[in-house]
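Written below as C-alpha cells is the structure these notes are about.
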C-alpha cells in the first residue's frame, strides 16, 4: 500500500489497540510531552471522546478517503456521535472560510471604490501609483491585501505596516472555532484539577488554562514529561487542597466505555494473581488497554482464556512477582491473602528491592498491615487497593478503587487504575482503605438485606412486589443496585455478581472493626444474622440477593 502523507491539522481515522478506528485530528502535543521511541507517530485528538494518544503512522488513515468504509464497518451510538462531531467541525470550518472570503471581497470592493474616488488624473501620477503598489505587493507577497498608495503618503503608517495589521492570522495560532481541538500547553497544568471529582472535559482556549480536567491526565503528562518535578509540584498542591477538605484524594478516571486514547499503558510489566469474579474482569481490561500482563491462578485452567488474549503464564506467585515490576492480587479473604504472600512459592519469595505489590482483596486492616510490613521488610513497595463493585462493573472497567500506602506506587499504577475503574481514591496510610472498604460493604450488605425484607413483607401482606419496585424506582432510593437486585429476586435469578458468602464475610469484619473501637453496629449485626441463615440454606455461592431466601424459608 502506498504511503500516505500526513501533517499537522489533518483529519484521520486512528486505530488504538483493540478499539475500532476512530475519527480524530492530528494536533500538537503538550510542550514537554515526549514522543515515543521507535516508529513514526502522530499525536491525535479523538472526536466525541475528548481522548488523545500517540498513534503510529501505520495505524492512521485519511478521514475523507476512508469515511464511507469506516461508517459501514463500525456501528454504535458513541461512534456515530464522534462522526457527527467531525461533520460539525467541518461545517464550522467551511462556514468560516465562506465568511472570510465574503468579507475579503467586500473589503476589496470598498478599497477599489475609494481608489476610484482618489485616483490622480495625470499619467505620471498613475505610473507612480502603479509602481508604488507594485513595491507594496512585492514586499507583502502573495495573498496580502492591496492598499492605496495615495493614502499611504498622507497617513502616519506605511501601507506595508497597515497591511500586516490587516493580514490573516499567523500560521500556528488556533482559530476560535477549533478551540476544542487545541492541546493545552504544560503551563496550564496548574489549573487542571478543579476538584476531587473533576470530570475530563478538554475545552481549552488560547488564553486560559484547562478547567475540570481529569487528574489522570496529570499522570499521563508526568510519565512522559522531561521535567516531571515542575508539573508534579502543581499537581501535588491541588491534591493537598483536596486532602485538607475531604481527608482523601480522589482521582476520576476516564470513561472506560469510550475509546480510551487518554490511557497510555505503563511500560512496566504487570503481574496479576487471582482470576475470580473480580480479577477476571480486571485482567481483561488491563489487556485491552495494552498492558503487558502475566497471570497466575490457583486453578490454572482459568488462565487459558487470558493466555489466548495475550497474557503470559506464571507458574507460581513468586515467579510472577520476580518477573514483573508491579504485581496485583485479588483473592477472597484474609486467609487467602496471607497464604498467597507467606505460603510456599508465595509472593514474599519473589520480592526484591524495588518490586511492587498491590493487594486488591477486601480484608481487615490488621491483615493488610501485616502484609505491608513483610513486603517492605524485603525492600518491596506496598499498596492496598480494594475495589468497590461487582462482576459487571469489573467487566465494564467501572470499579471504584480505594487505595492506601505507598503514594508513589499509587501514581505508578495510574494507567492500570484507569483501565479497571472509573474512580480511584487515595486514603493515606496502610489500613485506611481496608477500613473504608468494609464500611462501604457493610452499608451495601445491610441495604440488600433490607430490600429482601421489604419484598417479602409486601408479598405476605398481599402487595405487589413489582409495584413496590416501581415505587422505589421513582423515589429517592432509585439506583442501579436497587433495580438489579430486585429484578434478580423477582425473576428468581441468583447467578453470582457478588457472592453472598463474601458480603457476609465483609459484614463480619465490619462488625469486628466496630468492636475494636467500641462502636455499636446493631444494623450490620442483624443483617449478618440473616446472611448466616442464607448460608445455612446453601446460598453461599449465589448472588448476595439470594439473602431473600432466608426470609421465605
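Heads up, the Cβ atoms here are built off N, Cα and C, so glycines get one too.
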In Swiss-Prot, which of 202-205, 206-209, 210-213, 214-217 is tagged region 'Interaction with histone H3'? 214-217
With Swiss-Prot as the source, which of 64-76, 77-89, 168-180, 220-232 is set down as DNA-binding region? 168-180
With Swiss-Prot open, pick whichever of 15, 302, 355 is annotated SUMO2 cross-link. 302
Which residue among 130, 187, 248 does Swiss-Prot mark as phosphoserine? 130
According to Swiss-Prot, one residue in 25, 31, 40, 135 is annotated as SUMO2 cross-link; name it. 135
Out of 45, 237, 485, Swiss-Prot gives the annotation SUMO2 cross-link to 237
Binding-site residues near residue 302 (SUMO2 cross-link), in sequence order, restricted to 271, 277, 283, 362 and a 10 Å Cα cut-off: none
Out of 277, 280, 283, the binding-site residues in the record, which is closest to residue 269 (SUMO2 cross-link) when you go by Cα distance? 283
Which has the fewest other CB atoms in a 10 Å radius around its CB: 277, 283, the listed binding-site residues? 277
Whose Cβ, among the binding-site residues 271, 274, has more other Cβ atoms within 10 Å than any of the rest? 271
For residue 269 (SUMO2 cross-link), the number of neighbouring Cβ atoms whose distance to its own Cβ is within 10 Å equals 16
